[in-house]
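Colleague: Here's the feature list from TrEMBL:
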type     : residues : note
ACT_SITE : LYS196   : active site, schiff-base intermediate with substrate
ACT_SITE : LYS249   : active site, schiff-base intermediate with substrate
BINDING  : GLU234   : Mg(2+) binding site
Amino acid sequence: MNLPIRPRRNRQSPAIRDLVRETDLSPGHLIYPLFLQDGNENTPIDAMPGCQRWCVEDLVKEAGEAHALGVPAVVLFPRIPDELKTRGAEECHNDDGLVPRAIRALKAAHPTLCVITDVALDPYNSDGHDGLVSDDGRILNDETVTVLCHQALCHARAGADIVAPSDMMDGRVASLREALDNARFTGVSIMSYTAKYASAYYGPFRGALDSAPKAGDKKTYQMDAANSREALREAMLDEAEGADILMVKPAGPYLDIISKLRAATSLPIAAYQVSGEYLMIKAAAASGWLDEEKVMLESLLGIRRAGADMILTYFARRVAEKVA
Ligand code: PBG
C-alpha cells in the first residue's frame, strides 16, 4: 500500500509507546475509602470481597501501609451501631464518636496522610437517609444543612484535612464554607459530591454499613441517571459556593459527566469508583472471566483519561502495590 501516514509507527515498541502515552495512573492520584467500626476486631465485608470494616487500631495500620506505598489520602466511612442511630442523627457531631477518634489516631500516627471525611447523615440516621426526614416522609433540606455544618465542624476539630459532603442537599457547600471559616478552619477543604447520581451501584456499600434507607429511595436528592446538563448546573453552583474539588459518582458509567465537568471548570475533579463497580470486577474475576489486575488498572486509567485528577477506589492499595 502507498500509505505515508501509518499510526501504527507510534505503537511499534514499548519505548515509543512510553513516549506517546497521554495519561498515567499513579498511587498519587488515588484516595482509599476505608470502612471502620468500634471495638477491637476487623470484620470482612461479605458483599465486598477484599474489604473490611476496620477497628481504629488496624485502620491506622492499613492507612499507614497504603500511605507508605504512595497513596496520599483516605476517606472514612463509619458503621454506627443501631442503638446510636436517631432521627436527628446527633451522633454525627459527637466529638468522642468513632470518626473523630479515628481522625485523631490517623493524624497522630501519620501526619502527612490527608484525611477526608464523608459529610452526610445516613450512617447516623435511624431513617437511613442522607438528610433528616419529616413525619410525613419528606427529606428536609435546610434543617439537614444545619446538622451537616455541626458534623463538618466536629471533623475539623478532630483534624480532618478535607470534608466531603455526599448528601446532595441544596446550598450545603456555601453553608459549610461559612461555618468552617467562622470557626477559623479556613484551611479545611471542601470536596463536594457535585454530581452524585441515584445509582444502583451503591448497593454493596449500603450493605457494608447497614445504611440503606428504611423507606423510599434517594431520588429527591441524588441525581437522575438520565441527566447531564443538571450536573453542569450543580458544578457551577458548587464552584460559586466555594468548593475546592468537585466529584462525580459513580465513575465508570458516568465518564461523559467527568469529561464535561473537566471542560467546564478549572477546579480539580475527583471521581468515585463505587462499590458496585468494584464488585463487578471482583465477581467477574472470581469466576475466572476477567483478569482482575488488568481490568482494575484499565478501569482506573479510563477514569483518568476522561478527566479525573483523582479517583476514590477500593483498589487503591492494590494499585499502589502494583505500580509503585
Ligand atoms: C452516602 C454515601 C454512599 C456512598 C458514599 N457515601 C451511598 C449512598 O449514597 O447511598 C457510596 C459509595 C459506594 O457505593 O462505594 N452518603
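Backbone N, Cα and C atoms are what each Cβ position is placed from, and that goes for glycine too.
Keep in mind that TrEMBL annotations are predicted by a computer and have not been checked by a curator.
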Colleague: Measuring Cα to Cα, how many angstrom lie between LYS196 (active site, schiff-base intermediate with substrate) and the residue listed as 'Mg(2+) binding site'?
Modeller: 10
Colleague: Within 10 Å of the Cβ of LYS196 (active site, schiff-base intermediate with substrate), how many other Cβ atoms can you find? Include all protein chains, please.
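Modeller: A 10 Å sphere around the Cβ of LYS196 (active site, schiff-base intermediate with substrate) contains 27 other Cβ atoms.
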Colleague: Reported as an integer number of Å, what is the Cα distance between the residue listed as 'Mg(2+) binding site' and LYS249 (active site, schiff-base intermediate with substrate)?
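Modeller: So the Cα of LYS249 (active site, schiff-base intermediate with substrate) lies 13 Å away from that of the residue listed as 'Mg(2+) binding site'.
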Colleague: Counting every protein chain present, what is the number of Cβ atoms, excluding its own, within 10 Å of the Cβ of GLU234 (Mg(2+) binding site)?
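Modeller: Within a 10 Å radius of the Cβ of GLU234 (Mg(2+) binding site) lie 23 other Cβ atoms.
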Colleague: Report the same-chain neighbours of LYS249 (active site, schiff-base intermediate with substrate): residues 6+ apart in sequence with Cβ closer than 8 Å to its Cβ, ordered by sequence.
Modeller: SER166, TYR193, ALA195, LYS196, TYR197, SER199, ALA271, TYR272, VAL274
